[in-house]
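K.L.:
Just dropping this structure here.
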């Protein structure tokens, strides 16, 4: 498919973005990321030795030719997130950033106020900001207005594998957005990813469902195909939903 996605200064063929946590080892992670076809992978700055080119998270991604998307997971407020972003840009040479601010370690819900504050400042500092946020149409619009390159509303809580529980709100966000919408968090099965794409999301980000699978490499293939299938379905028009039966072969003038 010649269906490209542009975010900021990069263009992607794959609409499956990936995470790097929870894999059994670096080798499996690299093979799964390559098999997924993903061209953008995120890693928590707190887990990476940014000054070590042999780091077992960073090196496999770089060697595979996948674009880096450092994230600020662990930041509890805007100040901490901005500081982490500046360190990442200096160490990794990228101004791309997945902005994550979740002060509650139990539920990892993103803080909307701190996220918006940090996003506005980081955009001013020249970052390409992709904020992880609630599936809140008003917040997503505000993040777009302050200059975020995309928005990343959650499908369900991080790591829950519950799927697209925020569907109604995601549909509004997708309808209103003038920047790409990347559904992030909660996607636990290829069918969830396909549904997000069928709704019109521009991309999805998947981590736990691939990394924690019995065979992460095979599961990466499943997600790759699901994202492609969902996007193809959206692009070509899904049949409308009806409240009553509609015959596929009407018996018009039968036996007249």
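Cβ atoms here come from the backbone N, Cα and C positions, even for glycine.
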K.L.:
Given Swiss-Prot annotates 185, 186, 207, 208 as 1-deoxy-D-xylulose 5-phosphate-binding, which of 159, 230, 237 belongs to that site as well?
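P.N.:
Within the candidate list, Swiss-Prot flags 159.
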K.L.:
Consider each pair of residues in 159, 185, 186, 207, 208, all listed by the record as binding 1-deoxy-D-xylulose 5-phosphate, and report the largest Cα separation in Å as a whole number.
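P.N.:
Greatest Cα separation within the listed binding residues comes to 9 Å.
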K.L.:
Go through 185, 186, 207, our binding-site residues, and report the one whose Cβ sees the most other Cβ atoms within 10 Å.
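P.N.:
Of 185, 186, 207, the one with the most crowded Cβ is 185.
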K.L.:
Cα distance, residue 98 (active site, schiff-base intermediate with DXP) to residue 208 (1-deoxy-D-xylulose 5-phosphate binding site), nearest Å?
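P.N.:
Rounded to the nearest whole number, the Cα-Cα distance is 17 Å.
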K.L.:
Taking just the CA atoms, what is the gap between residue 207 (1-deoxy-D-xylulose 5-phosphate binding site) and residue 98 (active site, schiff-base intermediate with DXP) in Å?
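P.N.:
Distance (Cα to Cα, whole Å): 14 Å.
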K.L.:
Using Cβ-Cβ distances, find the residues under 8 Å from residue 98 (active site, schiff-base intermediate with DXP) that belong to the same chain and are at least 6 apart in sequence, listing them in sequence order.
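P.N.:
42, 69, 70, 71, 72, 130, 131, 132, 152 - these are the non-local Cβ neighbours of residue 98 (active site, schiff-base intermediate with DXP), listed in sequence order.
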